[in-house]
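One structure is given here, and the rest of the page talks about it.
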């Protein structure tokens with residue numbers, strides 16, 4: 001990961017902490033019914049803006065070269081949206097007997113249900129020198145797929161936690177996620193040349209909107225005096241998240257390097273990051289929709305807020321090691337090829 005990207009990610013992590021502190025200082029500002037009116041400005045306007053921005057910035061033409069790598073795409077999407085959430089569910093059956101806060105455990109399950117991110121997996125794959133086109137395709141395709149699959153998974157694994165009817169979820173997702181994405185892509189077709197010249201700060205715009213969503217989410221939490229979060233639960237969740245990430249990265253590495261699957265070392269790099277990373281940009285707005293009005297929404301959101309910076313930190317630390325492995329494997333493949 002380049003210095004600029006690393007500084008941007010570190011700055012974003014700092015801003016997350018800052019908005020949570022501000023929410024704690026005066027939660028009435030961003031709480032439901034407060035001056036910011038988050039029930040309208042966040043639920044509809046902010047969420048729509050973040051997905052319109054994604055549609056406007058997403059270079060779909062770059063994904064066509066990776067379209068036919070079906071086996072790789074199936075591996076990533078099945079691992080991300082089937083194996084990951086199911087394994088977390090089984091793991092949580094064991095953790096349910098521990099003293100960890102039950103809503104944080106439910107938040108871990110929501111992490112498992114999330115689609116891959118559009119940014120971090122691609123940035124880390126590029127930093128290593130892996131199959132960037134495959135990372136772009138799977139991150140984007142997984143995000144679109146997640147619009148449909150993630151709410152279904154949340155209802156399957158946490159159905160009793162959500163008071164929002166199934167039809168309401170999809171109608172709101174359509175209006176605030178799907179429609180803005182499509183409009184963004186349509187607008188992009190007409191101003192593509194201008195976008196390429198000016199290179200608007202799409203990432204910064206999405207981050208600002210996302211920070212506003214996080215701020216109002218925690219304002220709701222801190223304004224609810226009935227919520228009690230103990231430090232031990234938080235520390236245990238932090239340890240579990242890092243353990244899950246490392247374990248799943250090892251699993252994807254182990255399976256994708258089997259000779260019978262035919263993946264190249266560059267493919268494996270894309271698989272490792274795309275299969276194990278989860279989207280905060282898509283995740284927080286979706287949780288805001290699916291668990292709208294739920295008194296424990298922010299506690300449910302905490303594991304995802306931890307998982308996001310953790311995956312960036314862990315991925316950045318592992319870049320030199322993974323790059324060294326990939327280069328050595330590629331050299332080995334070249335040496336094995338017969339000379340003509």
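Including glycine, each Cβ sits where the backbone N, Cα and C put it.
All annotation found in TrEMBL is predicted automatically rather than curated by experts.
Here's what TrEMBL has on this protein:
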- 1-23: signal peptide (SIGNAL)
- 41-58: transmembrane segment (TRANSMEM)
- 70-91: transmembrane segment (TRANSMEM)
- 103-124: transmembrane segment (TRANSMEM)
- 136-157: transmembrane segment (TRANSMEM)
- 169-190: transmembrane segment (TRANSMEM)
- 202-223: transmembrane segment (TRANSMEM)
- 235-256: transmembrane segment (TRANSMEM)
- 268-291: transmembrane segment (TRANSMEM)
- 297-319: transmembrane segment (TRANSMEM)
Highest-contact recorded stretch vs the transmembrane segment (202-223), from 41-58, 70-91, 169-190, CB pairs under 8 Å: 41-58
Stretch in 70-91, 103-124, 169-190 most in contact with the transmembrane segment (41-58), if contact is a CB pair under 8 A: 169-190
Sequence-remote partners of the transmembrane segment (70-91) [C-beta within less than 8 Å, at least six residues beyond its ends]: 108-109, 111-113, 115-116, 131, 134, 137-138, 141-142, 145-146, 149-150, 153, 157, 244, 248, 252, 255-256, 261-263, 267, 270-271, 274-276
